[in-house]
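Feature annotation from TrEMBL assigns [4Fe-4S] cluster binding site to CYS189, CYS196, CYS199, CYS205. Taken from TrEMBL, the feature domain 'HhH-GPD' covers 39-187.
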Amino acid sequence: MISKKKALEMLDVIDDMFPDAECELRHENPFELTIAVLLSAQCTDKLVNKVTASLFEKYKTPEDYLAVELEELQDDIRSIGLYRNKSKNIRKLCASLLEKFDGKVPETHAELESLAGVGRKTANVVMSVAFGEPSLAVDTHVERVSKRLGICRYKDNVREVERKLTSIIPREQWTKSHHQLIFFGRYHCLAKKPKCSECPLLQDCREGQKRYRASLRESS
Ligand code: SF4
């Protein structure tokens, strides 16, 4: 693994590349954001935004999601992967919001994670984006990039990745770094075809070096 100093230098480069990174899930309030994050599992933000454009017109409160049959909600989000499970989770979430929090999205990690269908990643995103509490949610991009750069080990689980990143990055920068690592993974260090040949981190990146050497072998 690389040193804390080197990791911070790399994060500075990513900061320069994506200074304006932010949440790309469209939402008007904490409730819409929570629904959008639930829908975004294994799905692009772009597709989620396409679906929520009409979904949020039709469903504005937890009661609205529970007022229709499950099949109707499934039809409304059918273009999103795992729509059957996600429909059930949305309804469970809405029921527990009404039961425990008077229909409002709670503002603490513990309360958020007590809601049906809400895990640590969703709670972190809602806390940081909706309520301005520094959080570093580890999604697939954050995990992949942190491991490729050597900030974390490939065998680290999501919780360990979060622990390492939050121990290196100053707390007040957690939310910004979270968005920047997502942008870096989404638009530059892509899962299948990372842009190593044009990457400013290539020299220090173990994964990039490995790919670079492999490409040299292939071309010789
Ligand atoms: Fe990603 Fe390649 Fe850059 Fe490494 S060199 S961070 S693998 S794009």
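From the backbone N, Cα and C atoms, a Cβ is placed for every residue, glycine too.
On the 0 to 100 pLDDT scale, the model's mean across the domain 'HhH-GPD' (39-187) is 95. Note: the [4Fe-4S] cluster site is recorded as CYS189, CYS196, CYS199, CYS205; in the same chain, ARG148, HIS188, PRO194, LYS195, LEU201, LEU202, GLU207, GLY208, ARG211 also have Cβ atoms within 8 Å of that site's Cβ centroid. The Cβ of CYS196 ([4Fe-4S] cluster binding site) has 19 neighbouring Cβ atoms from other residues within 10 Å, across all protein chains displayed. A simple way to gauge crowding: the CB of CYS189 ([4Fe-4S] cluster binding site) has 24 other CB atoms within 10 angstroms, across all the protein chains here. Same-chain residues at least 6 positions away in sequence with a Cβ under 8 Å from that of CYS199 ([4Fe-4S] cluster binding site) are, in sequence order, HIS188, CYS189, CYS205, GLY208. Every protein chain shown contributes to the tally, and the Cβ of CYS205 ([4Fe-4S] cluster binding site) ends up with 22 other Cβ atoms within 10 Å.
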